[in-house]
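Chemist: Here Swiss-Prot flags 16-121 as domain 'Core-binding (CB)'. What Swiss-Prot lists as domain 'Tyr recombinase' is 169-354. Residues or ranges marked as active site in Swiss-Prot (evidence: sequence analysis): ARG210, LYS234, HIS306, ARG309, HIS332. Taken from Swiss-Prot, the feature active site, O-(3'-phospho-DNA)-tyrosine intermediate covers TYR341, and the record attributes it to sequence analysis.
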Amino acid sequence: MRRELLLEKIETYKAIMPWYVLDYYQSKLAVPYSFTTLYEYLKEYKRFFDWLMDADLTQAPKIADIDLSTLEHLTKNDLEAFVLYLRERPSLNTYSTKEGLSQTTINRTLSALSSLYKYLTEEVENDQGEPYFYRNVMKKVSTKKKKETLASRAENIKQKLFLGDETLAFLDYVDKEYEQKLSNRAKSSFRKNKERDLAIISLLLASGVRLSEAVNLDLKDVNLNMMIIEVIRKGGKRDSVNVAGFAKGYLESYLAVRQRRYKAEKQDLAFFLTEYRGVPNRMDASSIEKMVGKYSEDFKIRVTPHKLRHTLATRLYDATKSQVLVSHQLGHSSTQVTDLYTHIVNDEQKNALDNL
């Protein structure tokens, strides 16, 4: 979704929200949470508030009038009824045969509500320096996680990674072969953005940064001499990230054409730009997702930018066997998250079984 459209949609949701949700939004904007995250959370709050009114758990005539006391006095049974509603509600997608929302979507909804409740009961301060209320019913609501061993998850993910020689082969394919299949009209569009697209893909594969971190990169954040970029991690922490050397040529090629091709002026701070009718804009997450999906599908299998992050992490662990190093590269505070990569790189286990 283009940044301008995203901000418009956010304003539409903000216009119907209660004052305390607007307080929450402003607080999280300062962290900073990404606009994409805040947009998704606002959507979940509307879903929840609509249900409160439909279930007669509030007498408010509209969402903006739902009082804080309503949230304060909701019971565990009330929230479980909401979860049941999500699980059994008819899907809004008329082409779907599912009766309700997926567990992943339900977990996302509950995560958004947990964040709001934590803010209202722990983080915010009223005039007396106290939170708005103390009872956090969301702490009593459990989420159901997908049951899958790390080995099973690793095997599923492994098929969607560009490991070994495939990392550079993918870049080489986009650089030299992809164009050969295109019509003359499509070639023109491809050539305009070729350097930029290769720079984005190479950066994701060479650094393992999250999509949002790549989107929010500014020119000042990129040091090609040191091959280091500065990013804002989850939670608003600034971090320096090393970038593998194979991306340098692609990044330099993009910088050589960035100003001329995308009509960039001094005020255009974004590193990755798109241009429409002569106006440069920061390239958004949706556009990068589509771009990565398009090239990867033509090369081997359609993947997301997050799979490119997994690719870097797996290759780095394979080369170092250090979960600590991988967790630092990815911006994780714990090595627990990196356990997955030890299961993807399981050649030793397979060799041991073969020798039995």
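Even glycines carry a Cβ here, placed using N, Cα and C.
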Chemist: CA-CA, which of the active-site residues ARG210, LYS234, HIS332, TYR341 lies nearest HIS306 (active site)?
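Modeler: Closest candidate to HIS306 (active site), judged by Cα separation, is ARG210.
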Chemist: Measuring Cα to Cα, how far is TYR341 (active site, O-(3'-phospho-DNA)-tyrosine intermediate) from ARG309 (active site) in Å?
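Modeler: Their Cα atoms are separated by 11 Å.
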Chemist: Quick check for the class: what is the C-alpha distance, in angstrom and rounded, between ARG210 (active site) and LYS234 (active site)?
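Modeler: It is 9 Å, counting Cα to Cα.
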Chemist: Specify the secondary structure state of HIS332 (active site) as given by DSSP, simplified to three classes.
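Modeler: Note: HIS332 (active site) is coil by DSSP, not helix or strand.
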Chemist: Sorted by position, what residues of the same chain at least six away from HIS332 (active site) have a C-beta under 8 A from it?
Modeler: THR338
Chemist: If you count Cβ atoms within 10 Å of each one, which of the active-site residues LYS234, ARG309 comes out on top?
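Modeler: Of the active-site residues LYS234, ARG309, the most buried by Cβ count within 10 Å is ARG309.
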Chemist: If you count Cβ atoms within 10 Å of each one, which of the active-site residues ARG210, HIS306 comes out on top?
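Modeler: Checking each of ARG210, HIS306, the winner is ARG210.
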Chemist: DSSP says what for the domain 'Core-binding (CB)' (16-121): how many helix, strand, coil residues?
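Modeler: For that range the per-state counts are 71 helix, 0 strand, 35 coil.
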Chemist: Three-state secondary structure of HIS306 (active site) from DSSP?
Modeler: helix
Chemist: In whole Å, how far does the CA atom of LYS234 (active site) lie from that of ARG309 (active site)?
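Modeler: A Cα-Cα distance of 15 Å.
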Chemist: Please compute the mean pLDDT of the model over the domain 'Tyr recombinase' (169-354).
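Modeler: Per the prediction, mean pLDDT sits at 91 for the domain 'Tyr recombinase' (169-354).
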Chemist: If you run the three-state DSSP split on ARG210 (active site), which class comes out?
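Modeler: Coil, per DSSP.
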